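I have placed the structure first, in the form of structure tokens, so that the comments after it can refer back to it.
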Amino acid sequence: MASCLSVLLLLCLALAGSVSGQQLSATFYSRSCPRALAIIRAGGCDASVLLNDTANFTGEQGANPNVGSIRGFNVVDNIKAQVEAACKQTVSCADILAVAARDSVVALGGPSWRVLLGRRDSTTASLALANSDLPPPSFDVANLTASFAAKGLSQADMVALSGAHTVGQAQCQNFRDRLYNETNIDAAFAAALKASCPRPTGSGDGNLAPLDTTTPTAFDNAYYTNLLSNKGLLHSDQVLFNGGAVDGQVRSYASGPSRFRRDFAAAMVKMGNIAPLTGTQGQIRLVCSKVN
């Protein structure tokens with residue numbers, strides 16, 4: 001269960017690369033590594049988020065939205081080692097992440113979707129790009145919409161993909177301002193969180209709280225029902241239900257899981273096709289945390 005949660009925290013960070021003219025395929029490894037999908041499933045984007053810092057670049061693991069919160073690198077490294085033992089330098093870390101994200105969602109009770117394969121791994125990473133591309137917890141709906149639109153994703157996709165916050169955790173420093181300075185928050189919910197997230201900056205900054213306090217280890221629609229009760233942990237969560245343009249979509253997801261499951265799966269497929277590295281671009285890493 002912990003492995004599933006850890007891998008899922010990587011899913012929105014691992015699926016974009018450079019422009020490519022080649023298409024991905026669900027059967028990409030059917031001949032070159034037929035056991036790949038089974039190995040990934042048992043163990044459980046351009047994969048730039050996996051790269052450790054080097055002398056040539058500062059990687060994305062230390063980006064403001066990632067540092068202290070994103071986990072699961074060791075899970076992916078373990079899966080990669082098993083895949084390498086079966087098929088030497090054939091399956092990319094980016095594809096492993098894409099498949100592991102889907103399998104993790106399924107293992108936690110969420111929907112499945114068809115993962116297209118054939119991505120290659122990036123040979124660099126960028127802390128600056130991660131900081132500029134990853135939406136911070138302070139964003140409002142307009143900024144969130146613009147951030148997702150820059151990647152070719154719609155506002156509806158943004159609301160659906162935000163449902164990934166039905167699992168995972170956030171640090172106190174990312175929700176402290178919401179606890180002490182915002183009014184659209186359930187009083188009892190805020191009081192419970194304040195016990196481990198005191199007001200003074202620097203006190204308990206790294207303390208973690210579940211993004212979904214109702215069912216923190218299940219992939220369901222509770223994230224949206226929490227928003228209806230003003231129990232969104234992050235500012236960027238609660239803005240999705242605050243008298244704005246996406247209130248109706250949140251209500252629809254909260255009323256039953258079927259539409260959310262369908263829309264989330266469709267948005268994941270769409271996100272997974274955002275300009276991946278393919279063909280001779282990039283490389284197939286031997287170890288996910290470093291370039292060859």
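Positions of Cβ are set from backbone N, Cα and C atoms, glycine also.
The annotation substrate binding site is assigned in TrEMBL to P135.
Look at TrEMBL and you will find H165 tagged as heme b binding site. Counting only same-chain residues six or more apart in sequence, the Cβ atoms lying under 8 angstroms from the Cβ of H165 (heme b binding site) belong to L211, D212, Y223, L233, L234, D237.
Non-local neighbourhood of D220 (Ca(2+) 2 binding site): G109, G110, T166, P257, each in the same chain, at least six residues away, with C-beta under 8 Å from its C-beta. Residues or ranges marked as Ca(2+) 2 binding site by TrEMBL: T166, D212, T215, D220.
Other Cβ atoms within 10 Å of the Cβ of C93 (disulfide bond) number 31 in total over all chains. Under the heading disulfide bond, TrEMBL lists C93-C288 (among others).
Summarising the annotation, TrEMBL assigns disulfide bond to C172-C197 (among others). For C172 (disulfide bond), other Cβ atoms within 10 Å of its Cβ number 21.
If you look up TrEMBL, you'll see 44-292 marked as domain 'Plant heme peroxidase family profile'.
Per TrEMBL, the feature signal peptide maps to 1-21.
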Ask   = For the binding-site residues T166, T215, which Cβ has the most other Cβ atoms within 10 Å, all shown protein chains included?
value = T166
Key: Cβ within 8 Å of the mean position of the Cβ atoms of T166, D212, T215, D220: remaining residues of the chain near Ca(2+) 2   = V167, T214, P216, A218, F219, N221, A222, Y223
Task = Rank the recorded positions P135, C197, D212, C288 by the number of other Cβ atoms within 10 Å of each Cβ, and give the residue at the low end.
result = P135
